[in-house]
Amino acid sequence: MLRPSSMSEVTNTTHGPFYFILTGIPGFEDIHLWISIPFFCLYTISIMGNTTILTVIRTEPSLHEPMYLFLSMLALTDLGLTLTTLPTVMQVLWFNIREISFEACFAQVFFLHGFSFMESSVLLAMSFDRYVAICRPLHYASILTSEVIARIGLAIICRCVLAVLPSLFLLKRLPFCHSHLLSHSYCLHQDMIHLVCADIRVNRWYGFALVLLIIVLDPLLIVLSYALILKSVLNTATWTERLRALNNCLSHMLAVLVLYVPMVGVSMTHRFAKHASPLVHVLMANIYLLAPPVMNPIIYSVKTKQIRQGITRLLLQRKVH
């Protein structure tokens, strides 16, 4: 539980035990137990939804195609993102356990930001899959072979690990001598950096480079792929073919919006609403982290006929057994 001295104690990262203090929902501490109910429901939907998607793709041989292999990567990423924040969020809301050790906080930052970057990278890979399927359908099977997909998956993992690790090493070398109080119920890099009492110009420049290389570049490349898809679709013979091609991209378009709209919202809030209520920042951050893992399995289950049929068969098999 929270120690009496935790709010005022000053500790350097290099001396003695070090811990951070997590924050729940500001101003609503008395009803955290009630607030935990919708959070628990959202986490349950995310875990069950993404696990179901993965099970259906694994058990259905007809879904062992590039599009669904990329979807399984997205489901794994969403599952990882959910399981990264679940322990600390629920321990704060259920038990008011707000302390988190230095090492555990850094581990959470690594996985949280790693999976967030991975989500963006997987959506970029999925946009490439849609581009090849619609613009070069005759070469689809020869371009996106199992070996190529495996290499893309490995490249995504390497990209995200190499993006996150340097920022953690840069942060770990700095002394933390301000308040230990974090503004969320999980550890974020941009939250922790405000507690540092040293020159953080290198950290800021590296963060800026990451924003350009991932948060800005990925959406631009996704938009480019859809511009090329739209150009190709408009050149097709009939409206029926055009609508069929665009419908094949609809689930991916919705997944892109579910990720980037909250992301832009969080960025705008930090940029233009610095003095807004802490509750606004907490709610925006939670929407950003929970919306994709919760909504993606719902979107793909509703909009993708093959996934719907696979879920139905899976449920019928379990009912029989």
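Glycine is no exception: its Cβ is also placed from the backbone N, Cα and C atoms.
These come from TrEMBL:
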- 49-300: domain 'G-protein coupled receptors family 1 profile' (DOMAIN)
- 31-57: transmembrane segment (TRANSMEM)
- 69-94: transmembrane segment (TRANSMEM)
- 106-128: transmembrane segment (TRANSMEM)
- 148-171: transmembrane segment (TRANSMEM)
- 205-229: transmembrane segment (TRANSMEM)
- 250-273: transmembrane segment (TRANSMEM)
- 279-299: transmembrane segment (TRANSMEM)
Cβ-based contact of the transmembrane segment (205-229) with the transmembrane segment (106-128), 3 or more pairs under 8 Å: yes
For the transmembrane segment (148-171), sequence-distant contacts whose Cβ falls under 8 Å of one of its Cβ atoms, 6 or more beyond its ends: 66, 69-70, 73, 106, 109-110, 113-115, 117-118, 121-122, 125, 189, 192-193, 196, 202-203, 206-207, 210, 213-214
Cβ contacts under 8 Å made by the transmembrane segment (69-94) with residues that lie 6+ beyond its boundaries: 22-25, 32-33, 35-36, 39-40, 43, 46-47, 50-51, 53-54, 57-58, 100, 108, 111-112, 115-116, 118-119, 122-123, 125-126, 129, 146, 149, 153, 156, 185-187, 255, 289-290, 292-293, 296-297, 300, 307
Intrachain neighbours beyond the transmembrane segment (106-128), with Cβ under 8 angstroms and 6 or more residues off its ends: 67, 70-71, 73-74, 77-78, 80-81, 84-85, 88, 100, 152, 156-157, 159-161, 163-165, 167-168, 171-172, 186-189, 192, 214-215, 218-219, 221-222, 225-226, 252, 255-256, 259, 289, 292
